[in-house]
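Here is the structure we will look at.
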Amino acid sequence: MGYLSNGFDERNQQNDLGAVVRSGREILFQAFNWESHKYDWWRNLEMKVPDIAKCGFTSTWLPPATHSFAPQGYVPQNLYSLNSSYGSEHQLRALLQKMKQYKVRAMADIVINHRCGTTQGHGGMYNRYDGIPLPWDEHAVTSCTGGLGNQSTGDNFHGFPNIDHSQQFVRKDITAWLQWLRNSVGFQDFRFDFARGYSAKYVKEYIEGAKPLFSVGEYWDSCNYNGHGMDYNQDSHRQRIINWIDGTGQLSTAFDFTTKGILQEAVKGQLWRLRDPQGKPPGLMGWWPSRAVTFLDNHDTGSTQAHWPFPSNHILEGYAYILTHPGIPSVFYDHFYDWGDAIHDKIVKLMDIRKRQDIHSRSSIRIMEAQPNLYSAIIGENVCMKIGDGSWCPTGREWSLATCGHGYAVWQK
């Protein structure tokens with residue numbers, strides 16, 4: 001079966017939540033960073049839509065589009081207002097129309113773990129939402145963050161009222177809001193922010209209610225470390241992400257934080273980390289590639305926050321890895337548009353190889369070498385690659401060099 005174009009026929013998917021995941025031929029684009037709110041963002045992106053489409057991205061993750069107490073969008077207040085620091089509702093709708101025209105799906109950033117109140121209520125906290133749509137009272141806020149609701153079903157996001165998803169009225173309102181984003185505003189895909197903050201079973205309910213074509217959750221917790229650095233074995237870390245995906249009824253994918261953590265240590269001269277004891281890739285990708293969204297950086301780990309950045313001098317080795325491997329790769333705005341044309345074009349070349357050779361989320365992989373300074377693998381039938389400064393190339397005259405750069409090379413048949 002050939003690689004499907006960006007114009008995946010949405011009519012066939014409307015009643016089939018799993019179609020995109022089953023196809024496995026997604027390449028995601030994170031279309032913002034931590035500072036994007038300063039730059040007339042919806043208009044900026046609208047101009048880039050033709051390039052985003054031409055490069056082969058299937059889904060573009062936009063920053064939170066609703067009114068927020070903080071300019072980046074992650075402290076939402078009035079969920080039904082689409083006027084944000086990224087631009088006006090009119091500008092957003094123009095962007096979404098342009099994306100639809102170019103057959104790139106729009107992914108909404110769904111921030112429903114916490115919500116900033118408008119009015120002081122119980123305990124003097126801002127835990128009431130008077131005067132705006134969804135005028136919840138203190139019973140919508142978890143008791144552990146100052147409300148009169150139940151205990152949280154996940155981890156607390158400190159400093160703001162956390163939403164109590166165990167309340168039926170809350171879930172009914174959130175589902176209706178998600179349906180509005182999906183059917184009226186025009187978002188097709190969802191990214192669930194801070195997915196550790198509430199039970200995955202509610203994500204399942206929201207996906208079933210609003211029917212996004214594709215969903216991904218941010219289940220981010222710490223990898224396993226010892227006194228000397230990162231543990232070789234990260235099985236418990238990837239198992240926690242798998243447990244979350246299972247909790248969503250397997251309807252959502254998840255960002256592969258395990259692969260990110262291991263890969264950014266590996267490229268510093270520890271490429272032996274890229275083969276687990278069973279001979280598989282060591283991240284979520286090695287266990288459940290059809291649900292693993294691989295990435296190098298995002299607005300939290302990289303950008304100006306730089307909480308856990310990928311080593312900047314190894315970015316292309318990182319993309320050579322995730323864009324040739326199983327899983328669902330995602331490319332970060334900064335690397336693609338802010339780090340120069342040369343890096344942009346090298347990433348596009350890797351994407352092009354992935355598409356032309358029909359590498360997908362479930363492609364087979366044989367890891368050939370995993371030494372401190374050399375990693376190599378054969379993916380599917382027609383692609384092989386290496387990263388690191390060790391010497392390696394495939395045997396057989398059928399292989400030709402498809403692309404290479406500092407620290408990486410990719411061959412194809």
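Heads up, the Cβ atoms here are built off N, Cα and C, so glycines get one too.
Automatic prediction, not curation, is the source of TrEMBL annotations.
For Asp193, the entry in TrEMBL reads active site, nucleophile. The active site, proton donor annotation in TrEMBL covers Glu218. Annotation source TrEMBL lists domain 'Glycosyl hydrolase family 13 catalytic' at 26-366. For 355-413, the entry in TrEMBL reads domain 'Alpha-amylase C-terminal beta-sheet'.
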Cβ-Cβ neighbours of Glu218 (active site, proton donor) (radius 10 Å): 21
Euclidean distance between Cα atoms of the residue listed as 'active site, nucleophile' and the residue listed as 'active site, proton donor', Å: 6
Which same-chain residues, if any, lie at least 6 apart from the residue listed as 'active site, nucleophile' yet have Cβ under 8 Å of it: Pro64, Tyr74, Asp109, Ile110, Val111, Ile112, Asn113, Glu218
The domain 'Alpha-amylase C-terminal beta-sheet' (355-413) - residue tally per DSSP class, helix then strand then coil: 2 helix, 29 strand, 28 coil
